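Swiss-Prot annotations:
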ACT_SITE  Cys411  active site
BINDING   53-54, Gln131, 177-179, Glu197, Arg202, 243-244, 264-268, 274-275, Tyr323, Gly493  NAD(+) binding site
Amino acid sequence: MTDNNKYRDVEIRAPRGNKLTAKSWLTEAPLRMLMNNLDPQVAENPKELVVYGGIGRAARNWECYDKIVETLTRLEDDETLLVQSGKPVGVFKTHSNAPRVLIANSNLVPHWANWEHFNELDAKGLAMYGQMTAGSWIYIGSQGIVQGTYETFVEAGRQHYGGSLKGKWVLTAGLGGMGGAQPLAATLAGACSLNIECQQSRIDFRLETRYVDEQATDLDDALARIAKYTAEGKAISIALHGNAAEILPELVKRGVRPDMVTDQTSAHDPLNGYLPAGWTWEQYRDRAQTEPAAVVKAAKQSMAVHVQAMLDFQKQGIPTFDYGNNIRQMAKEEGVANAFDFPGFVPAYIRPLFCRGIGPFRWAALSGEAEDIYKTDAKVKELIPDDAHLHRWLDMARERISFQGLPARICWVGLGLRAKLGLAFNEMVRSGELSAPVVIGRDHLDSGSVSSPNRETEAMRDGSDAVSDWPLLNALLNTAGGATWVSLHHGGGVGMGFSQHSGMVIVCDGTDEAAERIARVLTNDPGTGVMRHADAGYDIAIDCAKEQGLDLPMITG
């Protein structure tokens, strides 16, 4: 298939309500979530099928999108659709407890797992970059990463500033689908933030959705606002239109001292996601078509300057960390030998949560009714009554987070609680308390579903950072357990050659059969995270495995 069909001037919006357009909720759910990924309120560039993260797409091209929709509409409850890099390639007879969709995106044999080969395949229409939740149809907008970013900032505040970020400020860059969560997360954590972004349209989107509070006119104005708000103890987020590779070195030169430094530009994809210093966005996109190798080189050279400035801040004793976009690797390849001197956010702040299977549990209301999410929020509080931190998160989320597309919620919980909540949501659908079924999924950034040596599995205790058996086992187990759709991807977050990861989504349709699947999947899925970390020798994970009764032959047996 030649690929000349990546642009369509159309607006997609998932159906709402409890009327089916497919044959059952098990096929209606992936249909609605695919469409929701391309809702203009959700996706970064929906007319080109781009959901987030550089070129993370929901379908390979519009012809493939149309055929996926058509196939899901006719799919029976004992059939499974296979999707290969955004292209529907087969429907096979399985059984009612099997997944309705199995997805494999961007996977390459390791020797060829690099951007150069992938871009050749992409240009020929033979591959699609699925990112993490773009090609697996469970992206919920920037909310999907807000709580993880919030938890990171809060933990950094505990470690470095005695538990309070009042009067402190975070310096970062990138206001895309992932980075757009940073300003709101910093505000919720009590800090001011200066958020650099090279595309004005991205800033406008974050202002419109209340993820960022204000835009400064220039660097001097931004610093004046930061000084004012930190002195007043206010947590206000400020956007600045500019290039981080130019602004961070200038801040170092001026002797400006942020209280925390990180970055969420799309550095994982130098051809499509990182604007070289001194270039306009239009130049960048035009030259990416005509001289891609030169564009990649220029972008990586700018990343090297950017990372050197981050290292300069770190040398001053300022907490500095990578937020999972592989910018350190890119800088190292351009000669910054000590690029990895500052840590990634997972080993620095998040791994103890992963050891207990705690990660980005999320759900979406297929009804389209915000009230359904508010009812589930209340149910979470009812079932987890003693977690004040979680209750505060839910309260802040309701107050500050604008729903994008179908109403959804993110809530970090772990082994034991995920199944408990899933079964409760299923019962709420059965009783009619919720007006339509809900889907439960997660980011691929989770405790047992990803191998990414420069991000989630950086600096593992036993040195197993690059072992990618774990996400494969996770995907296989979720398939065996009866998740509604399961995905296995390569290259999400950090780019080609640097990660493998899996995802799952399960439907709560109020039936007894769904309850059985939910109990299995929402126990097994976080259980693999506890297993993976216990196997690596983390005491927290070993203790959790024993407490939860996991059968790990080499550990609990």
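Using N, Cα and C of the backbone, Cβ positions are placed for all residues, glycine too.
Packing around Glu197 (NAD(+) binding site) is summarised by its Cβ count: 29 other Cβ atoms lie within 10 angstroms of its Cβ, all protein chains included. Reduced to three states, the DSSP call for Gly53 (NAD(+) binding site) is coil. Cα of Gly53 (NAD(+) binding site) to Cα of the residue listed as 'active site': a distance of 22 Å. Residue environment of Gly177 (NAD(+) binding site) contains 30 other Cβ atoms, counted within 10 Å of its Cβ in all protein chains. Its Cβ taken as reference, Ser266 (NAD(+) binding site) is surrounded by 27 other Cβ atoms within 10 Å in the chains shown. Here the binding-site residues are Gly53, Gly493, and the one whose Cβ sees the fewest other Cβ atoms within 10 Å is Gly493. In this structure the alpha carbons, written CA, of Ala244 (NAD(+) binding site) and the residue listed as 'active site' are 31 Å apart. Remark: Cys411 (active site) has Gln147, Phe361, Arg362, Val380, Leu390, Trp393, Leu394 as non-local neighbours, by Cβ distance under 8 Å and separation of at least 6 in sequence.
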